[in-house]
Amino acid sequence: MKALLDLFKQVQQEEVFDAIKIGLASPDKIRSWSFGEVKKPETINYRTFKPERDGLFCAKIFGPIKDYECLCGKYKRLKHRGVICEKCGVEVTLAKVRRERMGHIELASPVAHIWFLKSLPSRLGMVLDMTLRDIERVLYFEAYVVIEPGMTPLKARQIMTEEDYYNKVEEYGDEFRAEMGAEGVRELLRAINIDEQVETLRTELKNTGSEAKIKKYAKRLKVLEAFQRSGIKPEWMILEVLPVLPPELRPLVPLDGGRFATSDLNDLYRRVINRNNRLKRLLELKAPEIIVRNEKRMLQEAVDSLLDNGRRGKAMTGANKRPLKSLADMIKGKGGRFRQNLLGKRVDYSGRSVIVVGPTLKLHQCGLPKLMALELFKPFIFNKLEVMGVATTIKAAKKEVENQTPVVWDILEEVIREHPVMLNRAPTLHRLGIQAFEPVLIEGKAIQLHPLVCAAFNADFDGDQMAVHVPLSLEAQMEARTLMLASNNVLFPANGDPSIVPSQDIVLGLYYATREAINAKGEGLSFTGVSEVIRAYENKEVELASRVNVRITEMVRNEDTSEGAPQFVPKISLYATTVGRAILSEILPHGLPFSVLNKPLKKKEISRLINTAFRKCGLRATVVFADQLMQSGFRLATRAGISICVDDMLVPPQKETIVGDAAKKVKEYDRQYMSGLVTAQERYNNVVDIWSATSEAVGKAMMEQLSTEPVTDRDGNETRQESFNSIYMMADSGARGSAVQIRQLAGMRGLMAKPDGSIIETPITANFREGLNVLQYFISTHGARKGLADTALKTANSGYLTRRLVDVTQDLVVVEDDCGTSNGVAMKALVEGGEVVEALRDRILGRVAVADVVNPETQETLYESGTLLDETAVEEIERLGIDEVRVRTPLTCETRYGLCAACYGRDLGRGSLVNVGEAVGVIAAQSIGEPGTQLTMRTFHIGGAASRAAVASSVEAKSNGIVRFTATMRYVTNAKGEQIVISRSGEALITDDIGRERERHKIPYGATLLQLDGAAIKAGTQLATWDPMTRPIITEYGGTVKFENVEEGVTVAKQIDDVTGLSTLVVIDVKRRGSQASKSVRPQVKLLDANGEEVKIPGTEHAVQIGFQVGALITVKDGQQVQVGEVLARIPTEAQKTRDITGGLPRVAELFEARSPKDAGILAEVTGTTSFGKDTKGKQRLVITDLEGNQHEFLIAKEKQVLVHDAQVVNKGEMIVDGPADPHDILRLQGIEALSRYIVDEVQDVYRLQGVKINDKHIEVIVRQMLRRVQITDNGDTRFIPGEQVERSDMLDENDRMIAEDKRPASYDNVLLGITKASLSTDSFISAASFQETTRVLTEAAIMGKRDDLRGLKENVIVGRLIPAGTGLAFHKARKAKEMSDRERFDQIAAEEAFDFGTPSTPAEEPQHPAAE
């Protein structure tokens, strides 16, 4: 019977498993895996090429070389299967068992596993409570360790040198035992009673108060508990048996010329075997201790380098002096097993070729070269040939195909029909980088690509290549067609904008056709329909741009929605339009009014047009419409015949004067600087400002001249119209080029940046049309080269950011429809510097409302909570002027191990509520990572031209209304009657008649207010002005100045300007001060009143003291009288550097890595009143007294700037010391919502600067993953340790269990982890190991006996299952359901049988799914 079963066993059923467990293998386990001991270091006989017996390739141990044939050839063929040859000892079976059968080496002396010794923190050290240094000395035979102290004063685990040992032996005789090497360590490990240790540690933890001890104990406890829980014995960290890898996994290949190519592992194994055998012999011979010891040490080193070469000491090298690749090197890094073979496999049935444009294709088609298709679809063709009877065998079919007979081409046509192929362009930065198309066979060897999908692929036709993949199975074809077909992916998943937007020629053609010209041929004619217009145009009676009146038929949605009524009805109206627009109206889809076309179609307009079409007419109509737009665009661009020549670049005549005036101004500043009125820094700042303004002015003059041209209208009057200049039209339509580039062609090139980002103050006044002289050319290349160097570096950085983001979010999938939470965040319009940066409608579009949205005027509910807010809803909300809406967010979703659809909202790439199974984590990571790469590739396009925003120096109202100040605004009135702001965080609001906020502006410290609270103002009124170049220090009190600690050469330096000879006092940096004493003092001013008394702060006993920070230029003299609101010192703002995403990418990375900034600002820990305590050396003491009267002290370095003053009320989480915010503090003091707002806004700032749109929810998804661990503060009755970080879902599950059992649940704090940390601390060890620090992750997992439940996508890809997302999620759900029902049926049958036989019923044994090892 068994033989019969074996016969069927040939086809191996794939294993079904739900989890993978990792652990340490006991020596017995290793022996049980093994098929025999490898005793000799020999590999194969160089003459016969047969493996040596008992060697590393022994056929007896590892299996036969050829299928079903023993080594000596006595037994051949299938019939002897399973026989063991008595002559050579080889089992007759498949040769591929050589890939799976392991051997082993019995070590003559135990050896420590280097991973558990050297991978930090050393696990051996933790278990034994010894330092790594000591253990190493014992293992490598430099010292003895006491095993049993006996009755001596020695302690167990004490280290002693050899001399020590011999002295002690003389002293105590054999009263005690000490050992050397791994044997000693193994005995120590065996002696440990884990349960006892855990108990003592837990009591110690409770009783100790010192932080350091708690940390140490908790760490050790964690390791010991892991051993306790997993049932792994610590002594298994010492190897007695070494497993040997199957030979096919470390092959030895004969090359021609009698040489062999071999895997490094064979060398490493050979060394181990050689040393092991020598040691065995020495032990048999009873060699002297010192020789044996040396041999044992060498064996330990050999095993070390086999496991992880180079981890300790020098790496073992081969004959060619390069380090050998050990087992650890095989799995880690980019070329290791995980990333090279498991996550990135090469794919069969694929090809690649250059792409060319295919303007005749439909959106869902691509042109596939015939030869390529023939190769890719070979198996299908063979099959068809056999079915049709053209060929009888595969071999014959192959010949047919190779000869390319006519019948083959017919079959190819047939096979390809309705069989989509996938096109991919590297780098695939987001999911639109792979799309499916229906192939159309073409001649030639290049793939044809539809022009509209280029934006999604980021492809152009300058030699890009693309890869083609064939989905083979029916399911794969179905998924490719329904989910990946190009016509189903018309929106960007990052922001929901259309991805099939026309560009370049198409835009130019459409723009040219929809422009209007004054007094063109046939102006003012009237037509009865579009066909008449076309006839007139073809007979050259009218031009495209002529203004005419046309009757146009629009198809509008039918009001009557009863059965049988048509969906659209025609509506005829007379429009004043142009010929071109009328002709275009032919392709308008049903349901769109003509008004959307009745304007010049620029790129933005076309994008909006396609968006509108998608929302109003659905996917199909949009795709058809986009295709027709493209066809028309190409045709019209050809008709337009636009070309450019040098004369199109018109240089403005007023350029000379503008540049001349600027030069004069610069001279004036130089003069002021010479006479000492301004500092060098201010002069530089001003000069740069003048030149950027000049550059703007020249650009403006040039644009004015370029953008209009004189024309005579029908009545003979001179007028101007928008220009038909080719260059202007290209830029204006958005087809190619930008205003900045035109300015460089015909205006002036302007300021250039040095590679370090600082601006060269000499601008390039010439433009490319006039030509540059040598100096100008040199300056321009200087900055431009940086762009090229940047690109290479940043692409790598951006790719790494994307990789970390994907890794942290890869297991986040939508798993249910609604988690039922009532939490959410309040969304407001994002206002910065008075500008609405992002309107409320954009922020809430596609989100689910969490509270009812109420009409503020009638108080009726507009949208109930749980409504998905779509375009119509957000427009309505905007129209009613609702300020804030509470919406669901991924951050507050209560789903465990995933997200729910309601908290996520709309799937931006599809335009409807997200489906269960969507891998929203990966999409978020792609959406954030993709523009990073895009932008880095774009830094150099403007050729390094300085794009420095002129600094704001005033703020004006954008709308009419009433000025309101926030509660934080404080100001004083100075002697001139001006109001000077002295608050740091004051804001001015403009409200409308009903009191709704229209805009808000931050008013900086030291600004002069021009409007006061309650003033009614008109749009354009200035609210406040300030000096943008310096930051003042202002006194709130009047009096006589008395300097303290202002000593020249100690705290301040006299700066004498080399040019002007004038001096100012500058506060010097603490680090540059000489003596220790001067480091702790802070230069400051006290004020004296008329009686010479110190001026006190009203209501307190504290004297007024105003400190100067580093870099301040002191403008008052000692003993000078000052009035309220006067400036005591100025702090120059730093020289501006140009910002591009170069600063941006690292900024995004540090936000997601949750790094604490270097000089972080300090936030108030409690709400209360501030006061200053006694200063200590180098620090000032700030005390906050909370509402209960408890005092909280902060010690603040003297040079830091304190934002609060005496007796000010601060709120918890408010910034009290200036500096960048620390996200960890925000989370601790202000909670998750504030943290999320901070990270989202900061990340968005970086991208917005580059004009990149990313939806907030993607960033929120990442933040959710950064918050997925919690720190246990009180463990209650749970299995956690206080201070331990655990997965939030785990903790909630455990707490639920505790509550169900009436025990105490654990309490916890939220922890913010950076993305790298979060990826490594995930519960899945497979995912973490394939990300970074493979050794450390695997070491830790093995000790803890970790179990990976294969929840994420990455783990499943690695073990080769369908991923639990999309269609795979449904598959896994169905599989689990089937298992459950099978188990129930099994129980039922068992119960019935038990009942039938009248046996006492016992619960049937459940078939468990063992976790795969």
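For all residues, glycine too, the Cβ spot is worked out from N, Cα and C.
The annotation Zn(2+) 1 binding site is assigned in Swiss-Prot to Cys70, Cys72, Cys85, Cys88. Positions annotated as Mg(2+) binding site by Swiss-Prot, on the basis of sequence analysis: Asp460, Asp462, Asp464. Annotated Zn(2+) 2 binding site per Swiss-Prot: Cys819, Cys893, Cys900, Cys903, in sequence order, evidence recorded as sequence analysis.
Ranked by Cα separation from Cys819 (Zn(2+) 2 binding site), the binding-site residues Cys85, Cys88, Asp460, Asp462 are led by Asp460. Note on proximity: of the binding-site residues Cys72, Cys88, Cys893, the one nearest Asp464 (Mg(2+) binding site) is Cys893, by Cα distance. Excluding Asp460, Asp462, Asp464 themselves, the residues of that chain whose CB lies within 8 A of the CB mean position for the Mg(2+) site are, in sequence, Ile355, Ala459, Phe461, Gly463. For Asp460 (Mg(2+) binding site), the same-chain residues 6+ apart in sequence whose C-beta sits under 8 angstroms from its C-beta are Cys454. Compute the center of the Cβ atoms of Cys819, Cys893, Cys900, Cys903, which mark the site for Zn(2+) 2; besides them, the chain residues with Cβ within 8 Å of that center are Glu816, Asp818, Thr821, Arg888, Pro890, Thr892, Glu894, Thr895, Leu899, Ala901, Ala902, Tyr904. Excluding the listed site residues Cys70, Cys72, Cys85, Cys88, the same chain places Ala59, Leu71, Gly73, Lys74, Tyr75, Lys87, Gly89, Val90 with Cβ atoms within 8 Å of the centre of the Zn(2+) 1 site Cβ atoms. In three-state terms derived from DSSP, Cys903 (Zn(2+) 2 binding site) belongs to a helical segment. The two recorded residues, Cys72 (Zn(2+) 1 binding site) and Asp462 (Mg(2+) binding site), show a Cα separation of 61 Å. Applying an 8 A CB threshold to same-chain residues 6+ apart, the list for Cys900 (Zn(2+) 2 binding site) reads Val814, Val815, Glu816, Asp817, Asp818, Cys819, Cys893, Glu894. All chains included, 25 other C-beta atoms sit within 10 angstroms of the C-beta of Cys70 (Zn(2+) 1 binding site). Remark: of the binding-site residues Cys72, Cys85, the most isolated position is Cys72 (fewest other Cβ atoms within 10 Å of its Cβ). Counting every protein chain shown, the Cβ of Asp462 (Mg(2+) binding site) has 5 other Cβ atoms within 10 Å.
Put simply, Cys903 is the one of the binding-site residues Cys70, Cys88, Cys903 whose Cα lies nearest to the Cα of Asp462 (Mg(2+) binding site).
The binding-site residues shown are Cys70, Cys85, Cys88; of these, the one with its CA atom nearest the CA of Cys903 (Zn(2+) 2 binding site) is Cys70. The Cβ of Asp464 (Mg(2+) binding site) has 17 other Cβ atoms within 10 Å, all protein chains considered. Residues within less than 8 Å, Cβ to Cβ, of Cys88 (Zn(2+) 1 binding site) and separated from it by at least 6 positions along the same chain comprise Arg53, Ala59, Lys60, Cys70, Leu71, Cys72, Lys74. Per-site Cβ counts within 10 Å over the binding-site residues Cys819, Cys893, Cys903 peak at Cys903.
Annotation note: Cys70 (Zn(2+) 1 binding site) sits in a coil segment as assigned by DSSP.
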